[in-house]
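Colleague: From TrEMBL, here are the annotated features:
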type	residues	note
TRANSMEM	B:12-31	transmembrane segment
TRANSMEM	B:43-65	transmembrane segment
TRANSMEM	B:86-109	transmembrane segment
TRANSMEM	B:121-138	transmembrane segment
TRANSMEM	B:150-170	transmembrane segment
TRANSMEM	B:190-209	transmembrane segment
TRANSMEM	B:221-244	transmembrane segment
TRANSMEM	B:273-294	transmembrane segment
TRANSMEM	B:306-325	transmembrane segment
TRANSMEM	B:337-358	transmembrane segment
Amino acid sequence: MYRHRLFLTFLAAALLLAETGCWSSNEIEDLSMYTALTMDTGQPSQVEQTFEKEGGSYFKDNKITVTIEIVPKQSYENSNKTADTGAKAHNYVNISETGDSVLEILRQFAIRLDHPVIGHHLKVIVISKQLLQEQRIQDLMDFVLRDNDIRPSCLILMSEGRAADILKTKYGDEIPAFHIRGMTRNRFRNNRIMKGIITSELDALMYAKKTFVLQNIVEANQEVEFSGGGVIKGDTGKWIGNLDQQDIESIAWIKGEVKGGTLKTYNPDHKTVTYEIKSAKSKISAKMNKDHQPVFHVNIESEGRLIETWKNPGLSSKKEYLEKLQEIFEERLAAMIQSLMQKMQSDYKVDVAGFGDRLAVEEPQEWKKLKDHWDETFSRTPVTFDIKLKITDFGSFIE
Amino acid sequence: MFERSDPKITSTQAAIFLTNTVLGAGILTLPRSVTESAKTPDAWISVLLGGGIIMLVIVLMVKLSQQFPGKTVYQYSRQIAGSIPGSFLSMLLIVYFIVIAGFEIRVFAEITMFFLLEGTPIWAIVIPFIWVGGYLVFGGINSIARVYQIIFPVSIFVLLLCYFFSGRLFDLNHLRPLLGDGIMPVLRGLKSTILVYTGCEVVMTITAFMQHPQQAVKAMLTGIGIPMVLYLITVVMSIGGLSVDSVITSTWPTIDLIRSFEISGFFFERLEFPLLVIWMMQMFCNFCSFFFNASLGISQLFKLKMAPIIFGLMPFIFLATMVPVRINDVFAIGDAIGKMGIGIFFLLPVLLSLILIVRRKGLKQNV
């Protein structure tokens, strides 16, 4: 009996041998997490050129330059130390490599860095406009969609200039990727910010060969700004043109995605008047006319506040004045939307404001026939608008 | 009072047994397989319709089993169809259960290797799984039913929590138009929904273990109703959250749905990890059901003791797990199981019922 127990005790103790931890675990301190990834046209950096001169090259074509922003483990120590001395050191390291396979490039970092890079915390992917003119977005994003580390919640953006320049900041210990992610949360303040396309949505758009808009980001003197969007044509997967900030606003109005922001115009005296959007709704209705061509009507309704009005003395906040202003704002919005329609239907011949999606819902049979050449069909499609803005109050100042 | 030596389970336990047998790996691929064949957002109707059909099938199976109280399909099939044909049908069912058991572990291993334990060899995931499963099956139907009772609420809670949070991606327009292409896509989607209900054949054995077999119809319909509702929520949330186009191109759409958002400030920022870990237990239940039913079948067919059979089956299940080489093979086996399921349905409950009716009513035999 005693022996039997002793044997069991040893057997149980032997289990401890298996308790050495996870099978293939990696300590977090030994990993380099990258929070942003950018893609540019292939231009080897100074360092890479020197490496190549020294014989550091392999079988490749310099098609793309991938830059990743690594948030190193030392960041925490650094930020504490530099706080004392007053000097500001960055909390991130940007590193570039050129080649023609995204994964090969990422693996190539392993022969330059002491820690392997992992994509679990990738927040934003920025692709430069120039690269999107040269390569199909389907090819560029293929690895990202297949990889198991990179999450489908990752945000995709386009940059006007070189994408790698976006990953710089002059605000001390800030991390650019988090900064950009934070900017997208400001939609309730400014409707020039798009809802943003995340990887799982991009997947659907590319599969359905739909034309879409990527938020465009511009950089100047280590500061960044969202500036309109780049139109990516569905069937070619390439960049065909830009939309400006105002067009992004108009798209939000048409799609009913306005969450806040302003509408500014000038009153008959050429003085500034600003409307603060409190709520906005939109409804696109699709119909087929007698010739089996689609016809759209968009109904936009909004309520808001007269928040700023520069005026000549003598004018008052009377009801007639408000109604006059309402009309002026409506005209302004109509003009903005017309300018977008002009770009969509005549300049680029694309639909990026959700008209096709609406037709698919309302007339699924007709949509099936039209969807393969929808962009072309849309450029000939009549769209009418009905815009109603209502100024419900004028803030805490009354004359 | 707390110890029971007779192999009997309550009606609730029977319902949970069926739920845990059916609800497994299927939930992770269902949105893709069903939208792939339906190609419209109406895929969720296929799931409902498929569930309705399966419910009828289950009623038939229960009614058949109720004719032979306390006997499993392995025993009464011989009584109905004669010794040799009956044994042959039982063998088919046993092989079918072994194949599903292997398939379930394989899917589980594939997901674990891809998302959770990258670099862990497949045998290190599969073998402990089979061993622990064997240990549970040794305990007999009572132990199994009790383990299921513990796991069931936990796994369902975590799953529903994930879907609740995925609501932030939900867009009703992704589910529209309703029946835009008519009813045909729904019918096309129907064949993919059959696979996710496979395993419901265990009804023909658990009815025999029920303490109150007269409640079997109600218990079994509840047991299949729960997975049906969960499948419906899965498809609705995946299509609503990701849209049809994204679901079709995703290998594991349900996991991709959960991976498409992050909840900062919540206990877990990334819900796919708790989900996968908890779902592992669900797949374990799944596997144990098939393991138990296969070994029970062999034991009753050849009048052998359970213990050696459980050990003897382990290598076969391991082989069934390791046969597919690529992930395509795994999915192909999944499709094959769906087709086998239909075959089994016609060969066992339908054929046996027909023979029984002919012998009892037509030939007035005392079966």
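Quick reminder: no glycine exception, Cβ is built from N, Cα and C everywhere.
Where the annotation comes from TrEMBL, it is an automatic prediction and has not been curated.
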Colleague: Based on Cβ pairs under 8 Å, which of the stretches B:12-31, B:43-65, B:86-109, B:221-244, B:273-294 lies most in contact with the transmembrane segment (B:306-325)?
Modeller: B:86-109
Colleague: Looking at B:86-109, B:190-209, B:273-294, which one has the highest count of Cβ pairs under 8 angstroms to the transmembrane segment (B:150-170)?
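Modeller: Going through each listed stretch, the top one turns out to be B:273-294.
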Colleague: The transmembrane segment (B:190-209) and the transmembrane segment (B:121-138): do they have three or more Cβ pairs under 8 Å, with pairs 6 or more apart in sequence?
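Modeller: Between the transmembrane segment (B:190-209) and the transmembrane segment (B:121-138), which are separate recorded stretches, there is no contact, as judged by 3 or more close Cβ pairs.
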Colleague: Do any residues, 6 or more residues outside the transmembrane segment (B:190-209), come within under 8 Å Cβ-to-Cβ of it, and if so which ones?
Modeller: 7-9, 14, 17-18, 21-22, 24, 26-27, 30, 33-34, 36-38, 46-47, 49-51, 53-54, 57-58, 61-62, 64-66, 68-75, 93, 96-97, 100, 141, 216, 220, 224, 227-228, 231, 286, 289-290, 293, 296-297, 334-335, 337-338, 341-342, 344-345, 348-349
Colleague: Take a look at B:43-65, B:221-244, B:273-294 and tell me which one has the most Cβ pairs under 8 Å to the transmembrane segment (B:86-109).
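Modeller: If we count Cβ pairs closer than 8 Å to the transmembrane segment (B:86-109), B:273-294 scores highest.
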Colleague: Same chain, outside the transmembrane segment (B:273-294) by at least 6, Cβ under 8 Å from its Cβ: which residues?
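Modeller: Same-chain contacts beyond the ends: 17, 20-21, 23-25, 27-28, 94, 97-98, 100-101, 104-105, 107-108, 111-112, 115-116, 129-130, 132-134, 136-137, 141, 144, 147-148, 151-152, 154-155, 158-159, 162, 199, 202, 205, 255, 258, 310, 313, 317.
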Colleague: For the transmembrane segment (B:43-65), could you work out the same-chain residues 6 or more beyond its ends whose Cβ comes under 8 Å from its Cβ atoms?
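Modeller: For the transmembrane segment (B:43-65), the sequence-distant neighbours (Cβ-Cβ under 8 Å, at least 6 residues beyond its ends) are 30-31, 34-35, 71-73, 76, 175, 179, 185-190, 192-194, 196-197, 200-201, 203-204, 207-208, 213, 216-217, 220-221, 224-225, 228, 231-232, 235-236, 239, 244, 345, 349-350, 352-353, 356.
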